[in-house]
Amino acid sequence: MSTRAEAEAMGHISSDGNFNMAQAQTSRKGFCSVRHGLALIVHLCNFSIFTQQMNLSIAIPAMVNNTALAGPSNTSTERPPTAPQDSWSETLKEFKPMAPTYDWSPDMQGIILSSLNYGSFLAPIPIGYMSGIYGAKYLVGVGLFLSSVLTFFIPLAADAGVAFLVVIRIVQGITQGMVLTSQYTIWVKWAPPLEKSQLINIAISGQLLGSFIIFLIGGFLCQTIGWPYIFYIFGGIGCACSFLWFPLFYDDPINHPFISTGEKEYIMRSLAQQDSSPAWSLPIKAMVRSLPLWAILIFHFTEFWSFYIFMDYTPTYFSTILQANLRDSGILTSLLVVAAFICTIFGGLLADFLLSRKLLRLMSIRKLFTAIGVLVPSVALVSLHWTRSSLSATMALLALSFTTTTFCQVGAFVNFLDIAPRYTGFLRGLSQVFAHASGAISSTLAGFIMNQDSEFGWRNVFLISASVNVSGLVFYLIFGQAEVQDWATEQTLTHF
């Protein structure tokens with residue numbers, strides 16, 4: 001049943017098209033609403049998923065024995081993590097965590113870090129399709145729980161060998177894809193058009209908060225109690241969040257037991273003109289011929305190219321280029337992520353403000369924010385090679401890159417909600433395939449480049465990333481649209 005039909009079925013909405021405007025205004029204003037509470041719940045799920053995505057990036061400098069002689073890739077030795085410098089070593093002198101270390105080359109590290117994406121090429125498509133039909137509740141909850149359980153087994157898999165670790169990460173990537181893909185279908189029925197950007201960004205900002213926390217305390221955990229506990233702790237947090245998800249989340253405001261009548265009516269009225277009813281059939285031929293859809297998919301590939309390099313290699317960049325120890329590299333990275341977290345919330349509010357005041361059209365907002373989110377970080381990336389001798393200059397460029405990149409969250413990354421709301425789940429899954437493919441290629445290629453050229457490896461990685469990003473932006477600016485496409489309307493379904 002479509003959203004329009006659901007609205008008409010509600011007995012609370014009067015037949016003359018008017019309802020209590022005071023209630024509607026009350027429901028629109030402020031953050032003390034069920035829909036904003038729902039955004040916070042999704043925020044927690046994203047927090048958990050990204051701590052589990054990023055924990056290996058933080059732990060891998062402690063897991064790798066950089067001074068050991070060459071040997072088999074799964075060889076391990078027992079040693080305390082490398083002692084920190086200066087007074088920090090005195091503080092940690094009493095801690096002697098004994099954790100295994102492994103002789104993994106940069107090539108092997110790149111494969112391990114990118115393995116999370118290997119199993120995610122095809123999984124998001126059926127996941128997105130199912131979420132569009134059945135809703136997101138069980139897909140998100142089960143995916144979060146399974147990912148959290150698998151996190152507990154990463155230390156055992158690493159000790160068993162690289163092959164076991166890669167398999168665990170591939171399966172974990174599939175379960176995390178269940179959360180990251182299906183959550184977008186929530187906003188088809190919960191997000192009024194003038195609040196869509198802020199609600200999505202509140203939810204998505206959990207990914208940045210998770211990255212911030214793991215970068216902030218991950219190095220400390222590795223140096224004090226040992227790197228395995230970074231997986232045990234955040235795996236446990238993820239399990240707790242999954243237990244909270246099932247009783248608190250509902251796919252539809254109509255069935256929510258605690259939502260007020262005013263808020264329910266406001267949401268349903270806002271979405272009454274949007275045809276978001278799920279469809280079993282897919283207009284595949286029309287999708288293949290749709291340039292606006294290809295603009296979104298290609299942009300996902302090009303933008304996630306640098307995103308995964310940032311997420312996987314930032315701690316390594318700080319430790320190898322800036323010579324920061326494990327704790328300091330985590331703190332420096334966390335400062336970048338918290339700046340991006342703040343900018344994500346700000347970007348969503350700004351986009352909704354510009355749209356609600358009719359200062360810019362929706363398509364202008366999408367393209368403007370996307371352009372800022374690509375051009376500024378690309379310039380900053382290219383400049384990093386010439387500022388590597390200055391910590392302050394490097395941090396300034398990285399902060400500029402991290403913060404402005406988040407503008408894409410209210411640009412091309414949510415554009416599929418505009419062009420085909422009824423196929424949100426499927427299109428989100430399809431875009432995830434492009435994103436994961438990009439991440440697998442870019443992380444592996446970055447590890448290979450840095451292993452082949454230790455002097456100019458990082459410069460080449462940054463130049464390639466900037467070129468890929470700008471090429472995707474150009475394609476999106478030419479072909480991107482914000483209007484619902486003909487193939488995404490109910491009237492055209494019978495033709496496919």
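Note: Cβ is positioned from N, Cα and C throughout, glycine not excepted.
Whatever TrEMBL says is automated annotation, not expert-curated.
Features reported for this protein in TrEMBL:
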- 38-484: domain 'Major facilitator superfamily (MFS) profile' (DOMAIN)
- 138-158: transmembrane segment (TRANSMEM)
- 164-187: transmembrane segment (TRANSMEM)
- 199-221: transmembrane segment (TRANSMEM)
- 227-250: transmembrane segment (TRANSMEM)
- 291-311: transmembrane segment (TRANSMEM)
- 331-356: transmembrane segment (TRANSMEM)
- 368-387: transmembrane segment (TRANSMEM)
- 393-417: transmembrane segment (TRANSMEM)
- 429-449: transmembrane segment (TRANSMEM)
- 461-479: transmembrane segment (TRANSMEM)
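Within the model, the domain 'Major facilitator superfamily (MFS) profile' (38-484) shows a mean pLDDT value of 83, rounded to a whole number.
As a quick check, the transmembrane segment (393-417) and the transmembrane segment (227-250) miss the bar of 3 or more Cβ pairs under 8 A, pairs 6 or more apart, so the two do not touch.
Note on the transmembrane segment (291-311): residues 53-54, 57, 114, 117, 211, 370, 373-374, 377, 381, 401-402, 405, 408, 412-413, 415-416, 419-420, 427, 430-432, 434-439, 441-443, 446, 461, 465-466, 468-469, 471-473, 475-476, 478-481, 485 of its chain, located 6 or more positions outside it, place their CB under 8 angstroms from a CB of the stretch. Contact count against the transmembrane segment (138-158) (Cβ pairs under 8 Å) is highest for 227-250, out of 199-221, 227-250, 331-356. Taking Cβ pairs closer than 8 Å, the transmembrane segment (199-221) reaches residues 35-36, 39-40, 42-51, 53-55, 58-59, 183-184, 186-187, 190-191, 227, 229-230, 233-234, 311, 314-315, 325-331, 333-334, 337-338, 340-341, 344-345, 347-349, 406, 409-410, 414 in its own chain, all 6 or more past its ends.
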